[in-house]
Amino acid sequence: SGTSPGLVPTWVWLFSAFTSFCAYALDSIDGKHARRTQSSTPLGELFDHGLDSWATSIFVLSFFSVCSRDNGKTGVSVYTMYIYLSIVLFNFMCSHWEKYNTGVLFLPWGYDISQVVLIAAYLLTGALGVEVWQKPFLFGYYITDALVILLIGFSLFLSFPQTLYNIHRAHLKKTLKHESLYEGLLPLVSPLLLFVLLTVWVVLSPSNILAKQPRLFLWMVGVAFSNVICKVIICQMSSTRPERFHWFLFPLALVVYAAISGLLGWTEEAVLAVLTTLVTAAHVHFGVCVGRQLSEHLNIYIFSLKKRVQE
């Protein structure tokens, strides 16, 4: 939007605000509706939270489209967007790590605020145009600067401390599902290693891969993270131990090593495209297979309240 402000019609921003509001509202009532219709199942929980884990990164990418890429004067740099995405995904991970240990999903106010801010950003862009993001807002600071500060503030001083407090309170009440420190921290291993590998690639890439392919790279980050968290959600629902190292980490580690060592050379972007395609296909395949297995095991249909006929 920053380089071609006349290209995106106003109705796109308004429609985006409407659809984001619908998604936010429906995401808030689906659980209540499932309980009213007595159709609340682990399959529904996985659908809800699994798709949320993917949509979280898409929300950040859509915000990138609104505020535009850094052009030297205005916009947000790709590295800021990577940090922004990492913080949002970190908060999401903490919520489900907390539920893995306490059995209770506590959603901080930061989630609601982020949805309201995104809807407001679409409406503001539709009303005033993308130029509103390219002019100083207050004391020489841009609106995007304020949003990044708010995001970091909510994460460091509200969301993450609340997660630690809830786990500590469960420990004092002796209601933790996993008394062992190792078992409690195990779900964090793969997400943190994923973040380390991706950050190493961003920082040490010879071709500056994030600057050359920001959307593709950030999309891959979101899909890989979603798959890792979906595995944690399943372990939390089934009271099973999560795997120590997610299998995504091994091909990613090979690609990162080949990239930063210069082995990939000019093919680094092509390899990123192939890796992103494979990760996306694997994630979709995983979702379809797990959905079918739960549907058959629970004797229910995925998109219908009708019960399967018992054989």
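For all residues, glycine too, the Cβ spot is worked out from N, Cα and C.
The annotation transmembrane segment is assigned in TrEMBL to 6-26, 76-94, 106-127, 139-160, 181-204, 216-234, 246-264, 270-290.
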Result, the transmembrane segment (106-127) in contact with the transmembrane segment (216-234) (3+ CB pairs under 8 Å): no
For the transmembrane segment (246-264), out of 6-26, 76-94, 139-160, 181-204, 270-290, most C-beta pairs under 8 A are with 181-204
Thinking of Cβ pairs under 8 Å, which stretch from 6-26, 76-94, 106-127 has the most of them with the transmembrane segment (181-204)? 76-94
